[in-house]
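Visitor: Sharing the features that TrEMBL gives for it:
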- 33-99: domain 'Mur ligase N-terminal catalytic' (DOMAIN)
- 117-303: domain 'Mur ligase central' (DOMAIN)
- 119, 120, 121, 122, 123, 124, 125: ATP binding site (BINDING)
- 327-453: domain 'Mur ligase C-terminal' (DOMAIN)
């Protein structure tokens, strides 16, 4: 973080400064900001956040033991040794206020450009791709993992220093107004909307509310800004009239200014040609799946608007081996058995994309096995969407389905009721049973996909299968 005095921070967050003996209000703090006492660095700031199941104030003494120089709290806490504290009415609001000020100060230096990324799927992958591309151009800050909510996004913004040239802010939401709040903090120069699907539709209360929430990324952009929209998603493309910014579209069809053609998926990645502004460049992308090609196009469109040449973008994309653990992660290898662990999370769109990728990378004479768990947070859409994915698996010719857990049972029933299929589907109660079944049935050359929502916990099954077949 940029250096600020204790007095400045207290003023920014509207808090009461409590100083231990020997510490002045003009003492400067520039360490990292966190809400997790386990991550605190010496000289850092610990923000104590009350939670549904625990209270961050309980961990303030641990944060001090690990070197915290400042606590932002909702009530004073006793620590040994005593450190400066700022008492605020709402620690999450204080975190946002501090992030807003830090972004504004770094932007005022004249170098910083900010990209905001949202969508029902693909946010973290696109953010990671932009980190790689922009990191070749100048100092870049981007979120760790999926830091995209009212806590994680401002924590990322607070990593800015005077030297930072690019900030990539991932912005997620589970309700109306949350993305708008993050946009007001960061004030992106480029706002990306990747896709609107049924992910978290149960929380939003329907697809129309999801569209409204995601459109908050572009509604507050200014005339000099750029809105990067998915031309192939009618819900996203339809956001163009809602923004004052210039619109740039990405996709596979003719309506996109940044397009991909010649897509070829294989066991170790995806090759394609990227086209933009009358130029073309070949990309050898070490990430599986056409859906990740769309993420790459979104990242490329944003980078082009920030002045990065197309050839340089293509070269940077070629360095990407995988987006992140449990996201189309390639594992295994023994007897040419490949495990694709994509069980970080699942929505109907991402489940469909993963199954299409599995079908595309099937080796001649070998089989495909899909180990699928529940897609959660779909609300009233849950039953029909699990039915749809079961039918899709059949129509894609997946050799074997292994459906795990009661929440995914309709997927299995839909598949076995389809009838016109030479594959098979098995329903199992838990991951242990799924592991035994896959180990017993996998043959040399097979490709195994593991996919589910985070809550289903199949990512650990994917790890285990990857280690078994390593």
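Backbone N, Cα and C define each Cβ position, glycine as well.
What TrEMBL says about a protein is an automatic prediction, not a curated fact.
Map these features onto the structure and tell me what's around them.
Guide: The DSSP secondary structure for residue 124 (ATP binding site) is helix. The Cβ neighbour count for residue 124 (ATP binding site), using a 10 Å radius and every protein chain shown, is 24.
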Visitor: Which residue, of the binding-site residues 120, 121, 125, has its CB surrounded by the fewest other CB atoms within 10 A?
Guide: 121
Visitor: Under a three-state reading of DSSP, tell me whether residue 119 (ATP binding site) is helix, strand or coil.
Guide: coil
Visitor: Report the residues of the chain - excluding 119, 120, 121, 122, 123, 124, 125 - with C-beta within 8 Å of the mean position of the site's C-beta atoms, for the recorded ATP site, in sequence order.
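Guide: Everything else in range on the chain: 117, 126, 194, 195, 295.
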Visitor: Note down the number of other Cβ atoms within 10 Å of the Cβ of residue 123 (ATP binding site), including every protein chain shown.
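Guide: The answer is 22 other Cβ atoms.
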Visitor: Taking helix as H, G and I and strand as E and B in DSSP, count the residues of the domain 'Mur ligase C-terminal' (327-453) in helix, strand and coil.
Guide: 57 helix, 29 strand, 41 coil
Visitor: For the domain 'Mur ligase N-terminal catalytic' (33-99), what are the DSSP-based totals of helix, strand and coil residues?
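Guide: Computed counts for the domain 'Mur ligase N-terminal catalytic' (33-99) are 22 helix, 15 strand, 30 coil.
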Visitor: Let me know how many other Cβ atoms fall within 10 Å of the Cβ of residue 122 (ATP binding site).
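Guide: So the Cβ neighbour count for residue 122 (ATP binding site) comes to 28.
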